[in-house]
Amino acid sequence: MADTLAARRRLPLTWVGMVPFTAFAVLFLLLPTMYIVVGAFRSADGGFTFENLVNLFQPSILASYWISIKISLATAVFGCLIGFAIAAAVTLGGLPNWLRGPIMTFSGVASNFAGVPLAFAFLATLGRLGLVTVVLKQWFGFNIYAHGFNLLSFFGLTITYLFFQIPLMILIITPALDGLKREWKEAASILGASGFQYWRIVALPILWPSLLGTLALLFANSFGAVATAYALTGSSLSIVPIMLYAQIRGDVLQDPHLGYALAFGMIVITGIANFVYVWLRVRSERWVK
Amino acid sequence: MRVQRFWSIIALLFGFIYFALPLIGTLEFSLRARRGVYSLDAYRSVLSDPQFRETFTYSIVMAIFTIFVGALIVVPTAYWVRLKLPRLRPVVEFITLLPLVIPPIVIVFGYIRLYNTSSFLPMTGSVTGTNLLLLLGYTTLSLPYMYRAVDTGLRTLDVATLTEAAQSLGAGWFTIIARLILPNVLVAVLSGAFITFAIVIGEFVLASLLNRPAFGPYMQLVGANKAYEPAALAVIAFSIAWICMGLIQLVTRFSKHTKAQR
């Protein structure tokens, strides 16, 4: 009895240590987000409503969500495939060991290189006067812009986003590939499995949760990106983050609460993607330790 | 085995070409400012622009403050959670990862509406207030990197024993954190700090929507109005990212060295 009383008296003091962090997180992370979420369910006169969310289902907004989802999905899928191929080449491909360090370091830099400079880099490379465009035209007489290529498009944005998506995939999937035990491969080959069979029956099922989880993470990663797309295309490509950017700057939707709903939709989509990532990650950790 | 190596080389070669071309392209483009010959004109033009110096300085100062505020919040919290409230670790970890889940543009949208001039905390009403808001926004963005780095650093320490030893020698909480915990996790703090630096220097959305004269919005403006200068800016930005990454490697290697000597 005396013990529990003393413990109860001591408890508040222990919690005092959490005050700075809690105050910071509440004021500058949780409360602003809650404000947006609540705003999405509030009508102009302050009452509760679903109208803002219903209003999201108009053609122009749906179209921008759709193109955002398509771009995010395309960059996530290609980022996963190419990143996996490179990571597998480095970890299992029998290449010299010294390659690994530089590739991981480069991935660390490039995965954080989203933003305005990335757009400049691709404009200087694949833009109308970019190095690759000019070289292809002068040396091979092949004008990619005459053949329908445009950097300021769905395809161009996907190629640009891959510059930070592939490295992120490499960073996340390499530990999982390292976790594939050599015994499994030996056991499989003793039982007569070919390399292809080993991958199909043993390795891929084990890696499957990590692969799908990382796919979800890459999806969320590109869904929230603004700066690269804005610097690359201005506001000509109407993806959701750019629409929200324009809305915050100048209320282009002419309805502040629709803006909240737009932002709320972004949170829901990135939230689901991240939830899938965490859930699949927990599953994959049962095998890969 | 030979087939495997063949495909590995193909994958790596593809990756090398994809990642090298934009870097070479940018560098080449940035040197093209004078017709017919390669020159450093674009860099000269960028470096002599007073706006470049102002925004660049602004962002550097911002990054340094962000690192200080971030360390001030993260180090004591991570230490305290490990020592006294291990039950809370998953919760704190979850909160620190939230800035990766909630897009920054949504967070800053919340700031603008929550702290506008007619709110309980009218931070966007004054220049100092907006600067402070931007600073705290950057601290929020750096939280995932900073917390993970420091928490990993703390894992190698026996926090409880160290604390008891310090307390029995008469140290108070401030002394323990400033003179015992901080020096021990300094390497972790530094590696978190360099990532923070790299992020803050080029950050665009927060600075642009809060209307602060930072380097990110400046780059965007140059990109919309000039031809060769953007490429020069991209080269500069990429060099900064590389220097930060190099410093992380250097600091980590340095720390391994001191540990081996012990």
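Cβ atoms here come from the backbone N, Cα and C positions, even for glycine.
Annotation comment: TrEMBL describes A:65-277 as domain 'ABC transmembrane type-1'. Residues or ranges marked as transmembrane segment by TrEMBL: A:12-38, A:50-67, A:74-95, A:115-136, A:148-177, A:197-220, A:227-248, A:260-280.
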Positions on the same chain near the transmembrane segment (A:148-177), where near means CB under 8 A and six or more residues out: 67, 70-71, 74-76, 78-80, 82-84, 86-88, 90-92, 103-104, 106-114, 118-119, 121-123, 126-127, 130, 207, 210-211, 214, 217-218, 221-222, 225, 228-229, 232-233, 236-237, 239, 284, 288
Highest-contact recorded stretch vs the transmembrane segment (A:74-95), from A:50-67, A:115-136, A:197-220, A:227-248, A:260-280, CB pairs under 8 Å: A:197-220
Considering the transmembrane segment (A:260-280), which listed stretch of A:12-38, A:50-67, A:115-136, A:197-220, A:227-248 counts the most C-beta pairs under 8 Å: A:197-220
Within-chain partners of the transmembrane segment (A:12-38) [C-beta distance under 8 Å, separation at least 6 from its ends]: 260, 263-264, 267
For the transmembrane segment (A:50-67): best-contacting stretch of A:115-136, A:197-220, A:227-248, by Cβ pairs under 8 Å: A:227-248
